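According to TrEMBL, the active site, nucleophile annotation covers Cys260. Here TrEMBL flags Asp30, Lys35, Thr86, Thr121, Glu155, Lys263, Arg327 as NAD(+) binding site. Per TrEMBL, substrate binding site is recorded for Phe152, Leu153, Arg154, Glu155, Lys204, Phe249, Leu250, Gln251, Ala252, Gly253, Gly257, Lys320. Feature annotation from TrEMBL assigns domain 'UDP-glucose/GDP-mannose dehydrogenase C-terminal' to 313-415.
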Amino acid sequence: MNILIIGTGYVGATTAMVFAESGWQVTGLDVDADKIERLRQGRLHFHEPGLEDLIAKHVHSGRLLFTTDKETAIAGHDVIFICVGTPSRPDGSADLRYIQQVAEDIGYLMNGYKLVVTKSTVPVGTQEQVKAWIEAAQRQPHPFDVASNPEFLREGKAVEDALQPDRIVIGTDSAKASEQLLTLYQSFQCPRIITTPRTAELIKYASNAFLATKISYMNELAKLCDEFKVNVNEVADGMGLDPRIGPSFLQAGLGYGGSCFPKDVSELVMTARAQAVQLHILEQVMEVNRIQPTYLLDKARSRLGDFANKNIAMLGLAFKPNTDDIREAPALRMIHQLLLEQANVRLFDPVATLPAHSSSYEAVTVCASVEEAIQNADAVILCTEWAAFGQLDWENLKGLLNQLNFFDGRNMMDARWMRGIGFYYQGIGND
Ligand SMILES: NC(=O)C1=CN([C@@H]2O[C@H](COP(=O)(O)OP(=O)(O)OC[C@H]3O[C@@H](n4cnc5c(N)ncnc54)[C@H](O)[C@@H]3O)[C@@H](O)[C@H]2O)C=CC1
Ligand SMILES: O=C(O)[C@H]1O[C@H](OP(=O)(O)OP(=O)(O)OC[C@H]2O[C@@H](n3ccc(=O)[nH]c3=O)[C@H](O)[C@@H]2O)[C@H](O)[C@@H](O)[C@@H]1O
């Protein structure tokens, strides 16, 4: 079997690497010629630790090819993974236009049996829709199967997650399709779940929504911790020792961002509403997340009086460390608000950059180092827990600041230490 990956973004590029690493011949197809040109040279168009080296390795071995030629690519491959984006529409439901485009291309250009696998995160029922789009676009009837095979990798840990997944979920009604997919994944050591397409699609949303729920739960609890002068991290440690709860995703902070949790929780709520089911808990999860960055800004404002003409050093822009992804990053919303309130924003992130071609952030001073960002700062706001920020010597750096105010959106610093060296220090739930 040779494999075609359509869409070479975070998931597509990683998936292409995974199958090449497992010994298959893989081609990545994208409409973006610049991305394809870089990938052909073994270079990645986004920051993901370890991925570029593995892609380069397989580009050089010839096991991994990249193209923009959909006619040849679709005709020449038996197994096709769809990895294009499924962004939110303004009403919060998933926009399937890229999936539809790809399905129609496959239908129109297919020349024999194809196994079409949806790896993109798609609403329950999409597999049936993809089938219908393919059928409607066919010029002559060719047999095909459609399967759902959701992806669970995290950005920043994509290589590790994709090469050693916790589970492989395959949703299909076709024995031939599940057999082919099990062969493709034969070298993986993890549980496989073979189920219906709808179940596979829902497993993906239910997983992301549950993780988002854990985060919003801890963020709300953190506010109570502040009132009681209890440290939320200690509460999380105590809770996490119960194996029924588990220690992960209990980190209070600025709320969840990224290209997935915000859109997937919202899509699940919309899907449920279309079935006349109200997901009350998830609606509140979204609301808690929406107001979470405001909580830290309120603390900073009440300390400074107001933000007008104050120098605010923002440390971190990416929605989480080890990625340059700024989609739905809480830092962006905070910068927007600070600019509205006339603050002078000085920003440093080790890899992420502000959105290109956006006039909204022109007033931000983008700095090349922490030292430059905190120069004459009236307050530091830490938005992303890059490991390097945890190693800074604030005892030495504090002389650069105008006022010793530190607002830690990720509870990264030791509160007692920071206060001990003279900072007015506030985190989320560690007052
Ligand atoms: N980013 C992540 O960590 C994860 C994302 N997912 C899901 O995977 C899907 C893809 O997400 P990302 O990789 O982040 O998106 P992305 O935006 O990084 O990549 C999508 C790619 O598809 C390409 N594309 C769009 N239309 C195309 C077409 N007609 N033909 C060929 N290429 C086309 C785009 O040019 C782009 O390179 C989404 O549904 C997302 O929810 C699932 C798990 C993890
Ligand atoms: O569907 C997806 O795209 C992916 O979404 C998430 O992965 P990702 O968004 O890359 O990153 P996470 O590590 O899950 O973090 C998401 C957000 O939650 C925040 N978070 C995470 C954990 C925590 O304890 N507290 C917390 O605030 C992070 O700062 C970040 O903003 C899931 O973890 C993946 O399993 C899934 O495949």
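Note: Cβ is positioned from N, Cα and C throughout, glycine not excepted.
Automatic, uncurated: that is what TrEMBL annotation is.
Distribution of TrEMBL features across the structure.
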| residue | record | Cβ within 10 Å |
| --- | --- | --- |
| Asp30 | NAD(+) binding site | 23 |
| Thr86 | NAD(+) binding site | 22 |
| Thr121 | NAD(+) binding site | 23 |
| Phe152 | substrate binding site | 16 |
| Arg154 | substrate binding site | 16 |
| Glu155 | NAD(+) binding site | 25 |
| Leu250 | substrate binding site | 19 |
| Ala252 | substrate binding site | 29 |
| Lys263 | NAD(+) binding site | 23 |
| Arg327 | NAD(+) binding site | 17 |
Out of Asp30, Thr86, Glu155, Lys263, which of these binding-site residues is nearest Leu250 (substrate binding site) by C-alpha distance?
Glu155
Quick check for the class: what is the C-alpha distance, in angstrom and rounded, between Gly257 (substrate binding site) and Asp30 (NAD(+) binding site)?
26
By DSSP, what is the split of the domain 'UDP-glucose/GDP-mannose dehydrogenase C-terminal' (313-415) into helix, strand and coil residues?
31 helix, 18 strand, 54 coil
Of the recorded positions listed here (Lys204, Ala252, Cys260), which is spatially closest to Glu155 (NAD(+) binding site) when Cα positions are compared?
Cys260
Where the record says Asp30, Lys35, Thr86, Thr121, Glu155, Lys263, Arg327 bind NAD(+), what is the longest distance in Å from one Cα to another among those residues?
24
Fewest neighbouring Cβ atoms within 10 Å among the binding-site residues Lys35, Lys204 goes to Lys35
Name the one residue among Phe152, Lys204, Ala252 whose Cα is closest in three-dimensional space to that of Lys263 (NAD(+) binding site); these are the binding-site residues.
Lys204
Largest CA-to-CA spread of substrate binders Phe152, Leu153, Arg154, Glu155, Lys204, Phe249, Leu250, Gln251, Ala252, Gly253, Gly257, Lys320, angstrom:
24
Less than 6 Å between Cβ and the nearest atom of ligand 2 is the rule; apply it to the binding-site residues Asp30, Thr86, Phe152, Ala252, Lys263, Arg327.
Phe152
Cβ under 6 Å from an atom of ligand 1: which of these binding-site residues qualify? The list is Lys204, Ala252, Gly257.
none
How many other Cβ atoms sit within 10 Å of the Cβ of the residue listed as 'active site, nucleophile'?
24
Could you give the Cα-Cα distance between Phe152 (substrate binding site) and Cys260 (active site, nucleophile), in whole Å?
11
Secondary structure at Lys35 (NAD(+) binding site) (DSSP, helix/strand/coil)?
helix
